[in-house]
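Undergrad: Please read through the structure below; I'll follow up with questions.
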Amino acid sequence: MSTPPRPLALLILDGWGYSEETASNAIHAAHTPIWDTLWDRYPHTIIRASGAEVGLPNEQMGNSEVGHLNLGSGRVIYQEYTRVNRALRTGSFFTNHTLTEAVDRAVKSDKAIHILGLLSPSGIHCHEDHIHAMVELAIKRRCQEVYLHAFLDGRDTAPKSAQASILAMQAKFTELGKGRFASLIGRYYGMDRDHRWPRIQAAYNLIATGQAEYEAESAKQALAMAYERGETDEFVQATRIVPSGKAPVQVKDGDVIIFMNFRSDRARQITRAFIEPDFTGFERLYWPKLAQFVSLTEYSKEFDIPVAFPSEKPQNTFGQVLAKLGLHQLRIAETEKYAHVTFFFNGGREQPFEGEDRILIPSPQVDTYDQKPEMSAVEVTDNIVKAIESDKYDVIICNYANPDMVGHTGDFNATVKAIETIDQCLGRVWAALQSAGGELIITADHGNAEKMYNAQYQQPHTAHTHNAVPFIFVSERAAIASANGSLADVTPTMLYLMNIKPPPEMSEHRLIELSSP
């Protein structure tokens, strides 16, 4: 068998979905001569990236974490969201040892339970049903003080859609006869993942001490006040909820915190602020001595905290297969998506494999990426081209963050510019691979930029989509693309193209079949 071309590069265009709808489609509106040429000239197909095809509930939109887990594992990975939902259906959630032990500890000491989480129906980082269930568990186990510190979405949901979630949560408190909102703040602050510590500090101070820019008697009133200030859900400033006759809530020594986000990347920073004795992100004016800090899922191997639903780590992932064969691989992305091409692509493994190099390009320090839609794509591309020219690597895996991160802003024109930036970068990578004799696969992890307006809410669409994503095989080898694939089929197909037999744990479906010479 002949030696396959090298390197084989995989470019993951984050948030570049496929849709034949042209209205509000930033990808369609953009000038993309390189993309158009590649799509027309080379074998291509579309692959599924949401719902059950990636281990999520039916009709659940995909996301970057899930997408990269499926891509790197080469199989469908059933997500924490699905596992928690199953526990709710069977009732085992309410007997989960980690959760019940934490609640019982607070009850025995007559202390408070503080529940943190993204109060959202999106199911990307958290789901409000899980928060409702946790409140119910705590109250039914006779906890007298149950407080919810709610992060608001507006990014994976419509920008102004939190009222329904707040009203549903308040109805749950009323039904149970106990519990209340303690604070509201947008996810922009409480769920930062790019080491913008002043944002986390605002959320930490709100939760830990009750310190806030604003105060309201109810969560509904707090949201209305934020809208009057011109804020959308994602950007709601720190607001403490203090009903008439009540005192502001703060976390006291001996209290228990339970963090209900199941996705780890945006949960880590604020968790560090609560659990690390030597935390240096900002100066904590007050650090409560908690009885326990419990996370719904594992946020980091470094965290010595109880986990309600421990991770299930896949074996024989794509990176592991390459390492076992002594091959060299490069992972590269800017800050916003670096964890996705490393930790998530490796099936939840923090450490690089043998022969795996990593390059992190800092994301620009701007408030929102519509201010700089090109982000750091040019610098990422500079490093990819150098890596190709070095002749060191057998495989290069890169994530371009722009379509997703700029798409999340809801700014159509900025997202068009982001797409055009990526198109120019594709041209440079393609040219470098042609000179080196390598091959290229282009795909995405989920949709976003192909839908920029929500007709139902009559406002910008800032969330992911349910759409399939493109897949292109750029090679001079004769090949045909096959249909009915998903993200789980991408890396098994890459192994096939490299003359490597995929391990039995991986998908057997190929997205490309090489033709006989």
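Note that Cβ sites are derived from N, Cα and C of the backbone, with glycine treated the same way.
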Undergrad: Report the candidate from His97, His114, His125 that shares the substrate site with Arg155, Asp156, Arg187, Arg193, Arg263, Ser264, Asp265, Arg266, Lys337, as recorded in Swiss-Prot.
TA: His125
Undergrad: The Mn(2+) 2 site in Swiss-Prot lists Ser64, Asp445, His446. Which one of Asp14, Asp110, Asp489 belongs there according to the record?
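TA: Looking at Asp14, Asp110, Asp489, the one Swiss-Prot places in the Mn(2+) 2 site next to Ser64, Asp445, His446 is Asp14.
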Undergrad: Just checking: which of Arg193, Ser264, Asp404, His408 have a Cα that is within 10 Å of the Cα of Ser64 (Mn(2+) 2 binding site), counting only these binding-site residues?
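TA: So the list reads Asp404.
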Undergrad: What binding-site residues in the list Asp14, Asp404, His408, Asp445, His446, His464 lie within 10 angstroms of Asp156 (substrate binding site), counting C-alpha atoms?
TA: His408, His464
Undergrad: Around the Mn(2+) 1 site (Asp404, His408, His464), what further same-chain residues have their C-beta within 8 angstroms of the site's C-beta centre?
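TA: Those within range, site residues removed, are Asp14, Gly15, Asn63, Ser64, Arg155, Asp156, Pro403, Met405, Gly407, His446, Asn448, Ala449, Thr462, Ala463.
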Undergrad: Taking only the residues the record lists as binding substrate, namely His125, Arg155, Asp156, Arg187, Arg193, Arg263, Ser264, Asp265, Arg266, Lys337, what is the largest Cα to Cα distance between any two of them, in Å to the nearest whole number?
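TA: Value for the max Cα separation, rounded to a whole number: 18 Å.
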Undergrad: May I have the list of same-chain residues other than Asp14, Ser64, Asp445, His446 whose Cβ is within 8 Å of the Cβ centroid of the recorded Mn(2+) 2 site, in sequence order?
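TA: Along the chain, the qualifying residues are Ile12, Gly15, Ala49, Gly62, Asn63, Gly67, His68, Lys337, His340, Asn399, Asp404, Ala444, Asn448, His464.
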Undergrad: Using a 10 Å cut-off on Cβ-Cβ distances across all protein chains shown, tell me which of the binding-site residues (Asp14, Asp156, Asp404, Asp445) has the largest neighbour count.
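TA: Counting every other Cβ within 10 Å of each candidate, the maximum falls on Asp445.
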